[in-house]
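Report on one structure; see the data block that follows.
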Amino acid sequence: RGLTSPDNSHAGRLTVPLGIIDKPFEQRRDVLWSDFSGAAGHMLIVGGPQSGKSTLLRTLISSFALTHTPAEAQFYALDFGGGGLSAVSGLPHVGGVASRLDPERVRRTVAEVAGVLNGREEYFRVHGIDSMASYRRQRATGALTDQPWGDVFLLIDGWATLKQDYEILEDHITDLAIRGLGYGVHVVITATRNMEVRAALKDQLMNRLELRLGDTMDSEFDRKVAANVPADMPGRGQTPDGLHFICLLYT
């Protein structure tokens, strides 16, 4: 499978490890698994400046690279967070990383992912494929050899910058999120505050994590837990059920 993990029980299943969860009442720590195969296939990561948002995205890509082949998962990234995603741009799973300073490439990246979605929608119709799960199964058995794409992820690191500099793309990305999961197209966004993301898009982003926040009152999980996230340890945050976690970083 190319890059591999010693534990391959989750290989190819769109479930990847992102960190370690602390469970103090049970006196143990568990792996933080994130499942992108179902309704939680889009992700929102919220965290203040220097809280580890780009690090968490690198971890996401690296975890997929360890558990999936480039034919199973492909990534396209808009890097508005200071160039942090360039560290993973050489992975065969990464189709491209566009920075804020390259507007043509930014627009082309969004258009390419939209093209995958539109083409796959038509392919499903013509070939009578009734679900993305069926599509994945058929590709896994060696069928559908004319389809080079597996699950496709559009990562946007710095949603506020996209809204400010590329406002025209916001509706296109919202459309990708609304239509995408049924055809294996995923959207992953980082934001500084929850309020940056409009409801029409946010309602689609069911897979959520919070890192350290600039204002703990902005937490949509547990404000008391948010207040206890260390300020000097990027990559720490809380899960939706109020458990502390620390994200992994592959080197």
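Including glycine, each Cβ sits where the backbone N, Cα and C put it.
As given in TrEMBL:
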| type | residues | note |
| --- | --- | --- |
| DOMAIN | 28-220 | domain 'FtsK' |
| BINDING | Gly47, Gly48, Pro49, Gln50, Ser51, Gly52, Lys53, Ser54 | ATP binding site |
- prompt: Ranking the binding-site residues Gln50, Ser51, Ser54 by other Cβ atoms within 10 Å, which is at the bottom?
  reply: Gln50
Field: For the binding-site residues Gly47, Gly48, Pro49, the one whose C-beta sees the most other C-beta atoms within 10 angstroms
entry: Gly47
Task: Could you name the residues, excluding Gly47, Gly48, Pro49, Gln50, Ser51, Gly52, Lys53, Ser54, of the same chain that surround the ATP site, i.e. Cβ within 8 Å of the Cβ centre of those residues, in sequence order?
output: Thr190, Thr192, Leu211, Arg212, Pro234
Message: Taking only same-chain residues 6+ apart in sequence, whose CB is under 8 Å from that of Lys53 (ATP binding site), what do you get?
response: Ile45, Gly47, Gly81, Asp157, Thr190, Leu211
- prompt: Sorted by position, what residues of the same chain at least six away from Gly52 (ATP binding site) have a C-beta under 8 A from it?
  reply: Leu211, Arg212, Pro234, Gly235, Arg236, Gly237, Cys247
Statement: What DSSP gives for Lys53 (ATP binding site), in three states, is helix
